[in-house]
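The structure appears below as structure tokens.
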Amino acid sequence: MEEAQLLDGRYVAGQIHRETMEAVQRLRRKGILPCVVFIRVGNHPPSELYVRMKQKKAQEVGIQSEVISFPEDVSQKEVLDNLNRLNLDPSIHGILVQLPLPSHLSEKQIALAINPKKDIDGFHPLNLGKMLLGEKDCFYPCTPLGIQELLKRYKIEIEGKEVVILGRSNIVGKPLAALFLQKSKYANATVTVVHSFSQNIKEHCRQADILIAAMGKARFVTRDFVKPKAVVVDVGVSRIADSSSPQGYRIVGDVDFDEIKKIASWITPNPGGVGPMTIAMLLANTVKAAELSQP
Ligand code: GUN
């Protein structure tokens, strides 16, 4: 049997970044400089890396950005005061608070405090509710949006397919289920969400035409979870110890790539699949925020 073809997130993200850059240029000609603020709290090396990557890409496409770094023990009030200030500043179009936050801060309250019109992550309940209703004048979370866009650009049909999502996080699993259920040519799927309390997980997964692994368990999805010719998308990011690597660890996904590429029809590499798409959609959302900010 032939090996699976790659759903190359780096390549597609590159295309989207070029489109975003063109949109930024159109806005600049109208005198609008799209601008995003990234907020980070404490010392969490993966979050520092993610924010650096987001900022670098923003710069490459011509979006202005600023990073606000708070110490680990910052108070909830100080974060909220800053959000209020940014909410009111018309020169700022997007605000992102990098998760996870230290346990003394309320992610829920912080998501609620961001002006929904600047919520480029799509985590505010108003945006999540609008997404559930299929509305468009709002922001959808970037990872689900990136997965849908990646499949769309490779012309992989979702309509009428059995989509099985492993994981029910508020950032990926739940909003992705809502997105694939929408009445749209790029959705209209039959969606199953399996999680830690599900029974017969493997049997559910084996029904999938499109299998999305988003539970954050290193190489959980092995060959016997996958129907031959299925499309497999790996969202997972886990660090495993690796003494041969300079950092002492290696990033692996939820999917056993080497085994599954032998039976799937399409598969995302990881890294290089969903991750770059998430950043591409974040910057596309920032441009959308800047466009919608105009009267
Ligand atoms: N942490 C992990 N993924 C994300 C994301 O998409 N947005 C934010 N703000 N934090 C995250």
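Cβ atoms here come from the backbone N, Cα and C positions, even for glycine.
For Ser169 (NADP(+) binding site), applying a Cβ distance below 8 Å and a minimum sequence separation of six or more within one chain yields Ala214. What TrEMBL records for Gly167, Arg168, Ser169, Val237 is NADP(+) binding site.
Here TrEMBL flags 7-121 as domain 'Tetrahydrofolate dehydrogenase/cyclohydrolase catalytic'. Across the residues of the domain 'Tetrahydrofolate dehydrogenase/cyclohydrolase catalytic' (7-121), the predicted structure has a mean pLDDT of 98.
Here TrEMBL flags 141-292 as domain 'Tetrahydrofolate dehydrogenase/cyclohydrolase NAD(P)-binding'.
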Neighbour count, 10 Å Cβ-Cβ cut-off, for Val237 (NADP(+) binding site): what number do you get?
18
Measuring CB to CB from Arg168 (NADP(+) binding site), give everything in the same chain under 8 Å that is also at least six residues away in sequence.
Lys174, Ala177, Val193, His195
Would you count the other C-beta atoms found within 10 angstroms of the C-beta of Gly167 (NADP(+) binding site) for me?
23
Can you tell me how the residues of the domain 'Tetrahydrofolate dehydrogenase/cyclohydrolase catalytic' (7-121) break down into helix, strand and coil by DSSP?
61 helix, 18 strand, 36 coil
How big is the NADP(+) site in terms of the longest C-alpha to C-alpha distance among Gly167, Arg168, Ser169, Val237, in angstrom?
15
